[in-house]
């Protein structure tokens with residue numbers, strides 16, 4: 001590769017040890033909300049990457065959960081249970097060996113195994129786009145080895161919930177239709193005929209499934225008004241070549257969210273892989289399904305989407321590769337790009353076929369659909385076991401089992417394109433390893449790799465330890481530049497980039513000068529709150545980098561002999577027994593203080609700094625920490641005021657008369673105007689209009705315990721005159737007077753749950769992300 005595309009891969013700790021061996025053809029997938037799914041022999045391990053602002057450790061922060069495999073085997077519904085059992089006994093005892101042996105050895109017919117090893121584990125997993133579940137995050141479609149296709153959601157962060165079993169639903173649909181796709185089909189044969197028994201299984205045994213992008217459908221209400229409703233499609237490829245296209249209404253909650261299911265006949269024998277083709281041309285969206293065969297051919301099928309706004313499809317199938325050259329299509333990726341010479345958008349389709357990469361460039365011109373295709377050879381000496389692509393710049397990564405990864409960068413030419421490629425030897429990063437799958441992060445900062453031990457001194461390892469390891473694909477400077485020029489303007493959707501920045505600041509213990517200057521210019525020029533949130537993130541990481549690391553684990557009790565009465569801790573009660581027995585170590589006193597006060601980490605750090613500064617002269621490091629803390633508070637206050645303006649704007653737009661909106665409007669107005677140094681003409685004009693509309697009414701909040709008024713003196717909590725403390729919702733600034741509330745992913749803020757009596761505009765406010773870190777709220 002040319003020097004301009006030289007890549008230096010650096011190892012990123014930690015390596016995650018898997019409890020079971022990896023399974024399936026593409027065992028690794030990385031979602032848009034930064035979760036890595038790993039298909040294993042007993043479960044799907046899910047590794048969620050977090051950019052933690054409260055931790056000073058330099059390692060990547062990973063939250064680990066799992067989707068367990070079902071305990072019972074999946075039996076495809078091919079007829080009445082009694083008749084199926086009789087047919088199975090008949091085929092197993094058949095005197096014709098072509099029937100009995102085919103039946104006994106086919107695991108689709110015998111998923112429970114009996115004398116064979118059980119078919120446990122997962123064959124494939126696929127992530128939906130962002131914004132599909134109840135929390136606005138990604139859904140996980142999982143396909144087990146015994147052909148059970150299910151959809152899961154992680155609604156409370158600690159547990160995965162199965163929302164629907166699509167294999168069961170599709171089997172019931174086929175049973176009701178008599179195993180015919182349409183009424184015009186010829187009547188099907190008897191289940192006792194072995195070819196018919198095979199046909200009914202192959203028409204509902206999934207091979208792969210893929211999600212489409214989110215599209216908009218029109219729903220007619222009872223008063224004949226039309227409203228736009230988001231929906232997503234899931235295409236499921238079956239062994240006989242049929243494709244079921246499920247349409248789900250968003251947010252997807254379960255069986256009741258299924259809108260339709262249509263079946264398409266692809267006509268491809270022995271299908272192996274599936275991918276969506278989505279193309280945008282002149283504000284028109286076109287879609288289709290790319291299907292690859294184990295014999296070699298690749299083609300795009302039209303998908304007719306009924307009632308989908310602004311969507312179009314092909315008139316007829318388009319063959320991308322027609323040779324039956326026995327090179328199986330292992331993986332397909334479709335990447336939307338912009339053609340710099342043709343000045344239009346185009347689609348790059350890449351497919352792994354044996355050790356080669358097949359590519360096809362599709363673009364629509366006045367002459368119609370133009371197709372350019374070719375193969376990239378000389379990449380690997382062994383077949384490609386996994387392929388992934390960075391959709392932001394079109395870079396493709398392939399790997400073979402010998403630990404070699406290739407990076408392919410598309411370069412446009414006048415006619416079509418060519419690829420610059422270079423070799424990444426994982427043995428130089430991890431030592432001798434074998435690779436089983438790769439996945440690139442959403443913004444292209446990291447590459448996740450499943451590895452096991454490679455050969456040592458010409459000998460294979462005795463034991464295999466499956467690990468998920470990470471390597472960097474971008475430098476800190478590239479990540480910072482991408483964050484500054486981001487069109488997304490959401491820190492949560494760029495966690496892989498912010499993690500690179502976090503790692504650099506924690507190592508160097510300062511924010512690079514070029515990044516500070518560039519960020520200040522952005523804030524001055526456009527004033528977007530995204531850049532203020534980015535500044536807050538940098539300051540918080542800088543604050544953590546300057547904190548002294550504890551000499552021992554914080555959970556371990558200290559061995560000091562200093563005795564401190566529990567009654568000394570503020571907010572904690574005491575009894576005579578406590579005072580006689582109870583002594584507490586310094587560490588437990590600190591934790592009790594934190595619990596009693598209900599403050600966050602920044603407040604605790606600030607209190608400890610004030611105590612140390614009162615006792616004697618401050619050290620330069622403490623001075624610096626106090627300065628950073630003051631900057632953090634100033635940025636947080638700015639973001640709070642900006643969000644308050646937004647909330648007041650919603651109040652003004654949705655109230656026509658003097659009305660109690662349940663939002664402490666007067667308190668928010670007074671809080672904004674209380675600081676003499678805050679001079680925002682927009683805020684003053686807005687507050688003037690709102691106060692005029694309120695007509696001297698205050699509508700204060702009242703404590704639910706003692707009915708006293710809750711004054712609005714603090715953005716984080718409300719305290720009544722009797723000392724009852726309620727935390728405030730950071731999205732609406734209402735007091736959360738219940739035992740159940742939500743927190744953002746990084747525990748930055750808390751928010752209340754929406755109630756049935758809330759109007760739609762308040763429910764929309766409560767769906768927003770954290771105003772400090774852009775994280776979703778659970």
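Note: Cβ is positioned from N, Cα and C throughout, glycine not excepted.
Restricting the average to the domain 'Transcription factor IIIC 90kDa subunit N-terminal' (30-474) gives a pLDDT of 90. Annotated domain 'Transcription factor IIIC 90kDa subunit N-terminal' per TrEMBL: 30-474, in sequence order.
Sorting the domain 'DUF5921' (475-552) by DSSP state (H, G, I as helix; E, B as strand; all else coil) yields 56 helix, 0 strand, 22 coil. The annotation domain 'DUF5921' is assigned in TrEMBL to 475-552.
Taken from TrEMBL, the feature region 'Disordered' applies to 565-621.
Per TrEMBL, the feature compositional bias 'Polar residues' maps to 584-593.
Here the domain 'Transcription factor IIIC putative zinc-finger' (695-745) is broken down by DSSP into helix, strand and coil counts: 0 helix, 15 strand, 36 coil. Annotated domain 'Transcription factor IIIC putative zinc-finger' per TrEMBL: 695-745, in sequence order.
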